[in-house]
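Per TrEMBL, the feature active site, proton donor maps to Tyr74. The substrate binding site annotation in TrEMBL covers His136. The domain 'NADP-dependent oxidoreductase' annotation in TrEMBL covers 41-322. Per TrEMBL, the feature site 'Lowers pKa of active site Tyr' maps to Lys103.
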Amino acid sequence: VLQDSYVVRPSGDLLLSIRPHPDMSVSTHLELNTGALMPSVGFGTWQAGGDELESALNIALEAGYRHIDTATVYLNEEIVGKVINEWISSGRLSRSDLFIVTKLPPAGNSAEGVDKFLKESLEKLNLDYIDLYLIHVPFGFKEGGELCPMGDDGNIILEPNTSHMSTWKAMERYVEDGKVKAIGLSNFNQEQIDRIWNNGEIKPANLQVEMHLFHQQKELVQYCQSKGIVVTAYSPLGSRGLGDLLQSVGCSKELPDLFGHPEVQKIAESLGKSPAQILLRFLLEKGVAVIPKSTSEGHIKSNLKIFDFELGKAFLETLEGLDQRDTGRIVDFSFLKGSDKHPEFPFRKL
């Protein structure tokens, strides 16, 4: 589905297109600093599981998705592994067709944790290697027990002495061993990324962060692109499913309606596209990958159909003007009570 495409290559302060394509403002793939090509639209799996995820993932692969994003804490790696291995064993896909991303949990933010959880991820996914392995968050939880260890007060039990460099060096070893093709970060701030960049042997290939219309992360994206770090936007449609999770842990947060914003509606109507397609296309035109999650067949397919139109300068500027900066952040980890007390918590207080 996404053949005969062109890619964007990080090179110093620039993003250079290196293959011709009729639409020169976006790419179907982004080139990591390893030389690997990562599809710029991936399939997100946070808050998905069971038969629903299995069905959705089959629909996604049939539609043309090849970039699949999961994580230890999503508790769905076995389902992802089951589906992709069925496609490989049946000959419908080869392993090299796929780009699989998973993540180290906060209860494993250490060299020992990398050894334990990477091995488990490979086993659950039933793969010989992972295309991209990320440190999920910069803060650490107490190790040796549950993925989210809770104290009697309802707060997460933290490991305050999290060492990013110890964790990173352990991940570097798995790149050398071929178990991981590329390594990166998620939810890190610029200062924390700098620490890895300045002290690691292998430079981060990717940063995955919350990014959408109301939280555009302009400075962070510019910083990463200046260093050739490809950025992936999670919750690119505004994390509409977060409400149930927040309610389950007693948190209340008003979630924004990006789809219903009058400007988004107007642009969608003008271009004959859905609001979701406008929101995703907006991020692609920033040179950012997106990993929308959906279990609806119609949405899964339409989320991929964003390469046949352009926003144009006027619409792009309108959408850029809707940025709410840090106040637009939705995934602030308030559902992980007490995590903001960790010395490496990445977000400043508002």
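Just so you know, glycine gets a Cβ as well, placed from its N, Cα and C.
Predicted automatically and left uncurated, TrEMBL annotations should be read as such.
Feature map: TrEMBL annotations on the structure.
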residue: Tyr74; record: active site, proton donor; DSSP (3 states): helix
residue: Lys103; record: site 'Lowers pKa of active site Tyr'; DSSP (3 states): strand
residue: His136; record: substrate binding site; DSSP (3 states): coil
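For the recorded positions given as Lys103, His136, the lowest number of other CB atoms within 10 Å of the residue's CB is seen at His136. Averaged over the domain 'NADP-dependent oxidoreductase' (41-322), the predicted model has a pLDDT of 94.
Around the residue listed as 'active site, proton donor', the C-beta neighbours below 8 angstroms that are at least 6 residues distant in the chain are Thr45, Trp46, Gln47, Ala48, Gly49.
Each residue contributes its Cα atom, and for His136 (substrate binding site) and Lys103 (site 'Lowers pKa of active site Tyr') these two points are 5 Å apart.
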